[in-house]
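Chemist: Got a structure for you, written out below as structure tokens; questions coming shortly.
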Amino acid sequence: MIWLTWRQFRVQFLVIASVVLAAAVLYAATGPGLADDYQRFADNFIKNLAFARLNPVLYQVGLALLYAVPPIIGAFWGAPLIARELETGTHRLVWGQSISRWRWLATKVGVGGLGTIVVTGALSLAVTWWSSPIDKAINAGQESNFYLPRMFPVTFSGRGLVPIGYAVFAFALGVAIGLAVRRTLVALAVTLAVVILVQILAPTLIRPHLMAPTDQNTVATADNLRGFMISGPGPDAEIKQIEVGINAVGGWKLTDETVDKSGKVATLPKWVIDCEPNGPNERATSPKAAACFQRMADEGYSQHVRYFTADKFWALQWREFGLFLLLAFGLLGFTFWRIRRDLS
Amino acid sequence: MNAALQAHGLGKKYGRRWALTDCDLEVPSGHVVGLVGPNGAGKSTLLNLSVGMLSPTTGSVEVLGQPAGTQQAKVGYVAQDTPTYARLSVADHLRLGAHLNPEWDDSLAQQRIQRLRLDPKQRAGKLSGGQRAQLALTLGLAKRPELLILDEPVAALDPLARREFLQDLMEAVAEQELSVVLSSHLVSDVERSCDYLVVLVDSRVQVNGEIDTLLATHHRLTGPRRTAKELPGDQYVVNESHTDRQSSFLIRTDRPILDPSWSVTQLTLEDLVLAYMGREVQSERPVLEVQR
């Protein structure tokens with residue numbers, strides 16, 4: 001049965017695997033140079049990165065590949081796995097041989113699932129390893145407006161275990177949808193759409209609930225201020241929102257709200273406009289602004305901030321990976337239950 | 001010896017529609033059984049239930065004395081439209097059979113492929129309908145089953161390919177000593193290849209028996225007009241038709257017909273099947289087992 005599964009699967013497998021292999025080789029070849037630069041330039045590493053034009057490209061391609069692989073695997077490996085057999089009627093040929101449906105399904109899912117883990121795992125390992133000097137430098141506080149901390153949602157989904165979790169989930173989803181709708185093309189499209197939706201929504205809807213974030217109340221000051229949201233230009237402008245910096249480099253801030261002394265979310269009073277420095281890039285604090293911040297502190301206003309610190313990275317990675325692995329097993333459970341029932 | 005196929009009160013419901021209701025059937029082994037009936041009579045459903053492809057809603061079906069689907073290695077199955085993997089070659093299909101069947105007879109498979117002049121490297125998707133059916137049959141035969149079930153194997157084939165396929169099947173049956181059940185909606189297919197007949201109409205078995213016996217015990221009587229009640233009690237009327245002066249009955253009896261006023265004609269198998277198929281389906285079940 002392994003032979004047959006491989007025979008049917010090999011084209012799809014080799015197409016994706018060769019792309020991933022090529023990428024892995026590219027990262028393995030350029031990675032050591034990057035690691036050397038990290039040692040050599042130390043604190044100026046990020047600044048110097050831009051001089052080697054390839055590096056920003058490789059950085060983004062790596063992320064893009066890790067985003068692309070789960071939906072593609074789900075759609076092109078998972079969805080046709082059973083749907084194509086049902087569509088062409090070949091399930092009646094193969095079930096007419098001396099093999100139980102469960103063994104047939106288990107072999108197909110086993111080979112495909114293993115392929116998914118190996119391919120995504122290899123790619124994620126290559127990209128995560130290649131990017132690690134950059135991630136380290138960013139987490140050490142080097143400034144950049146191009147490279148984001150690996151804790152940030154966009155980067156987080158393209159590092160470590162999470163892409164593997166997504167890919168396994170996508171594969172299981174494709175198989176289950178293929179079995180439910182029995183049309184290869186429909187299953188392929190639905191799987192593609194659902195997996196992309198999950199990739200978009202998981203960081204905001206799921207990830208913040210996987211662990212308890214650090215919960216903090218800080219008084220806004222001219223020093224920790226990160227920005228204002230102002231209702232508009234002109235003399236009547238009001239401050240809608242205040243954002244403060246957190247004392248955790250490389251962390252991911254979930255919420256940042258101004259609360260009053262009872263702890264409730266507050267609407268900012270009009271006079272808070274005084275806290276604004278004179279223009280967006282003006283760092284020097286005017287006496288007026290200093291007085292304003294003092295008044296906010298005196299009246300009990302503070303910033304309620306929730307965030308994940310950078311050292312929670314792997315704990316959060318494992319949890320999200322585990323969650324999607326569980327979802328994948330749930331979908332497999334459905335598939336094994338459904339395959340035993342009437343299909344022809 | 002166990003019955004090849006045995007159904008008791010077998011029924012299958014798809015959603016709200018019954019495809020097969022309350023079907024009782026017993027087919028002895030050692031025969032080539034033709035299952036005929038109009039489209040939608042439940043032939044496919046019955047066969048799919050027999051190989052365990054479907055599970056019954058009511059009743060039960062036993063194959064070679066065991067519940068359907070439990071002895072996969074002993075039951076060969078050639079599905080409707082003879083599906084094959086379009087992108088796999090003929091040789092790949094044989095390899096598939098060898099991998100998935102413990103009793104696989106590779107020399108038989110190779111010989112058949114050679115004799116049928118199938119190119120082992122040819123992809124199954126490029127084969128003609130007849131060749132595809134032959135390939136599917138080869139898979140079914142080389143598995144060395146005790147019972148081979150074929151669901152409308154020749155329905156999509158042209159007359160020549162039909163003839164070749166059935167002839168080939170008959171030769172294989174003669175060599176391998178296996179029981180065969182094949183369904184068809186054409187009597188000519190059955191006439192050519194089978195020695196046992198089951199007529200299924202509206203999921204009821206109308207008649208069931210060895211073809212020779214059936215032909216020997218069914219007669220058409222033509223003579224002066226009279227009603228069915230005037231016939232002797234041992235003559236079972238399958239159908240009747242009347243004109244002003246003449247009556248014509250199709251009867252079943254195992255006794256000689258003594259009344260000299262009848263002119264008795266032999267039936268062809270087609271007449272017989274059509275007579276049973278054309279009948280109004282009676283609400284109470286007629287007793288139609290042919291005695292042997």
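Count begins at 1; order follows the chain as displayed.
Keep in mind that glycine also has a Cβ here, set from the backbone N, Cα and C atoms.
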Chemist: Select from A:36-54, A:321-339 the stretch of residues annotated by TrEMBL as transmembrane segment.
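Modeler: Transmembrane segment, as annotated by TrEMBL, spans A:321-339.
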Chemist: Checking distant contacts: for the transmembrane segment (A:321-339), what same-chain residues at least six beyond its ends satisfy Cβ-Cβ under 8 A?
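Modeler: The answer is 82, 101-102, 105-106, 109, 160-162, 164-166, 168-169, 171-173, 175-176, 179-180, 206, 210.
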Chemist: Can you name the far-off residues of the same chain, 6+ from the ends of the transmembrane segment (A:186-206), with a Cβ under 8 Å from a Cβ of it?
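Modeler: For the transmembrane segment (A:186-206), the sequence-distant neighbours (Cβ-Cβ under 8 Å, at least 6 residues beyond its ends) are 67, 70-71, 74-76, 78-80, 83, 153-154, 156-157, 166, 169-170, 173-174, 177-178, 180, 320, 323.
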